[in-house]
Amino acid sequence: MSSSKPLIIVLLGPTASGKTALGIEIAEHLGLEIHNVDSRQVYMDMDIGTAKPSQEQQKRIRHFLIDLKPPNEKMTMHDFHKTARVSLDNALNKTNVGLLVGGSGLYLKALTSGLCPPSIPPESSFRKQLHDIGQEQCYQLLQSCDPLSAKTIAPSDSVRTTRALEVFYATGQSKTSLQSSKPPPWRLLELGLNPSNLNDRIAQRTENIFQNGLIEETEHLIGKFGKELPLLNTIGYAEASQMIDGKLPLNDAIFQTNKRTKQFAKRQKTWFRGQHNPKWLNEKNPLSEALSLIHNVIR
């Protein structure tokens, strides 16, 4: 493969694995900027609960693809893909090397494979109807009207089932067939972090976000956007919201957030094993190994 092709370095791993810190070190050594791939960090006003790179970290290295929209405006995969490609192309024009850092597997896969999702906006009333029907019947419906997409979706995956049905009823076509796929013109080096003490790191991260102002951040979001904001149902914010309502004491909120985060990390690792093929870095000295692998590819 021609070394003149641009190189995209992907640093992936489950939540709390240390991607942000290592990504910054790699960027500093190579003179790069970071393109964040996190489905919640694209939203403004959501810093603590999403473990967004701090202001100090952003001063050290410029980060792109964060704070793109207010949390009451949906960032679709199509929107993200389009914005990310422009951002990456700008970086590649300057250095011929781009650095992606994140744990949102579906976003990473779409971006690195060149798969562009259809630009069909979500339709709340239709989604409510599907929710009322229930996932089992929704999946059977999908198998009937769009068997091609159904084969790629787990029967329990209500989010992707709903989206596939939404696209089909809006266009009359399969979501799978509507997705345009054009392999991007770059080389790809995927590096992975999966520390053996991940559960301890998650527990510490959970303690930190509550101590550092998650409750206050959640109160701000409720005051600005209302209790019905969908993102308030995500990990951490949901527990903080229940605590604010007096439905959950602090210790239970921390416990539930920790539990849900570990479950999420497990799903992330399953995705990375099935959809990506990263070189898993030695946890004792990941920076040294990462730089060695990168220099071998660049040469």
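Cβ from N, Cα, C; glycine included.
Annotated by Swiss-Prot as region 'Interaction with substrate tRNA', the relevant range among 38-41, 194-197, 258-261, 274-277 is 38-41.
When the alpha carbons of Ser17 (ATP binding site) and Ser104 (site 'Interaction with substrate tRNA') are compared, the span between them is 13 angstrom. Taking the centre of the Cβ atoms of Thr15, Ala16, Ser17, Gly18, Lys19, Thr20 as the substrate site, the nearby residues of that chain (Cβ within 8 Å, site residues left out) are Gly13, Pro14, Ala21, Ala51, Gly103, Leu193, Arg201. Taken together, the residues in the region 'Interaction with substrate tRNA' (38-41) have a mean pLDDT of 96 on the 0 to 100 scale. Rounded to a whole number, the distance between the Cα atoms of Ser104 (site 'Interaction with substrate tRNA') and Lys19 (ATP binding site) is 12 Å. Apart from Gly13, Pro14, Thr15, Ala16, Ser17, Gly18, Lys19, Thr20, the residues listed for ATP, the same chain places the Cβ atoms of Gly103, Leu193, Leu198, Arg201 within 8 Å of the centroid of those Cβ atoms. Cα spacing between Gly18 (ATP binding site) and Ser104 (site 'Interaction with substrate tRNA'): 14 Å, rounded to the nearest whole number.
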